[in-house]
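According to Swiss-Prot:
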REGION    B:53-83  region 'Disordered'
COMPBIAS  B:53-65  compositional bias 'Polar residues'
DOMAIN    B:82-145  domain 'bZIP'
COILED    B:83-131  coiled coil
REGION    B:84-104  region 'Basic motif'
REGION    B:110-124  region 'Leucine-zipper'
DOMAIN    B:153-363  domain 'DOG1'
DISULFID  B:Cys260-B:Cys266  disulfide bond
COILED    B:261-281  coiled coil
Amino acid sequence: MQGTISCARNYNMTTTVGESLRPLSLKTQGNGERVRMVVEENAVIVIGRRGCCMCHVVRRLLLGLGVNPAVLEIDEEREDEVLSELENIGVQGGGGTVKLPAVYVGGRLFGGLDRVMATHISGELVPILKEVGALWL
Amino acid sequence: MNSTSTHFVPPRRVGIYEPVHQFGMWGESFKSNISNGTMNTPNHIIIPNNQKLDNNVSEDTSHGTAGTPHMFDQEASTSRHPDKIQRRLAQNREAARKSRLRKKAYVQQLETSRLKLIQLEQELDRARQQGFYVGNGIDTNSLGFSETMNPGIAAFEMEYGHWVEEQNRQICELRTVLHGHINDIELRSLVENAMKHYFELFRMKSSAAKADVFFVMSGMWRTSAERFFLWIGGFRPSDLLKVLLPHFDVLTDQQLLDVCNLKQSCQQAEDALTQGMEKLQHTLADCVAAGQLGEGSYIPQVNSAMDRLEALVSFVNQADHLRHETLQQMYRILTTRQAARGLLALGEYFQRLRALSSSWATRHREPT
């Protein structure tokens, strides 16, 4: 099957445990709604190329904070398509280009690893994560 | 003639530490050289292949030998003819102007030669160290230290040399002002300069990483003791905090809490990056190992591994980004005076590591 996108939904408050562990495969052939849905229904989602090491860094960092983010891994051949879909959703302050890996918090584009790292060090990240319900304590 | 040429073969790195003093001396030598018409002697010692200066020199000598006696011959008669006096004065002015221009060009040439010399010394040092650690291993080339071939890296090494010089100067300055009286505005500008200086290093490293990321990661541009603490091409931000903490004046409860949080955040970010690097190593190893045994051709494996390695540059940049943010957060938490003490402590820490490296290196060489 060409160009599948799998979403390992490791964390989602609204779904049951069993479902959340199941890797979610979705086809986005001409259907931007699926990407939008995944982004909107996860409090925190990391989107990046398949096997991307920087994605891994973001995920590890969030895990260290006690947040288990969903991870959407994109195959190379679908990258442009998914990126153009992403650019239509939840960009703060209107359009703009999305760079991978991208982190969405509360259905909106938060930024790349740079932003995650900077807000983490300045202590702003945890309050933001609490605000969207990704972190309780 | 001989006495002047000795200035141009200074003992190691004299030029680095006493540039102003050197210039004074060179200025003097310049004058005496002009009168002797022997300017080319020291030049050949230091920049043998610089044609431009040599041209200047030939002009000099002709002017010096042919022009001057002619003027002296006319000495007696000119005093009675005002127009001749005017002409002589004009000639004099012109000669002085030319002389100043030549001096300026000469000093500039010396400055570039000085930089070249520093660069050569650094290369020599490194070559010595490499020979020391690697021995004459057959795979010296495959280690990837191709700095002599890569202009980006050569530029970085030179810039880094200047960077260290400037850092030493800033540390001296901070040390002096912290012992004396200084108002907060002046201190703040010193602190901000020191911070900017670190940020400048990160910028330099980022462009060097584009040129040769393995070189930046190897830490070959640092001394051996600094290399011992190397983490993704630089210092660990959490190490930085460990070094700083004992040197602060009394911290308020809020500051203590903030520093604790920063320490923890730093550690978490470092762990995440370290795990990312491990993953990169795994995927890279998988890439290289993929394919059938005995295939003969390595091209597909090498190509896919090349793609994976692109990530290495982002790791160096992210690690520096983390260092950048940590320094900045530290500055936000601290007062200006505390930050000044912190930056001094950090600078002295690196200076001591550099001193340790050279002491260790000489200790090691003595027995043989």
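Each residue, glycine too, has its Cβ placed from N, Cα and C.
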Residue counts (helix, strand, coil, in that order) that DSSP gives for the region 'Leucine-zipper' (B:110-124): 15 helix, 0 strand, 0 coil
Within the predicted model, mean pLDDT of the coiled coil (B:261-281): 94
DSSP three-state assignment (helix, strand or coil) for B:Cys260 (disulfide bond): helix
Secondary structure tally of the region 'Basic motif' (B:84-104) (DSSP, helix then strand then coil): 21 helix, 0 strand, 0 coil
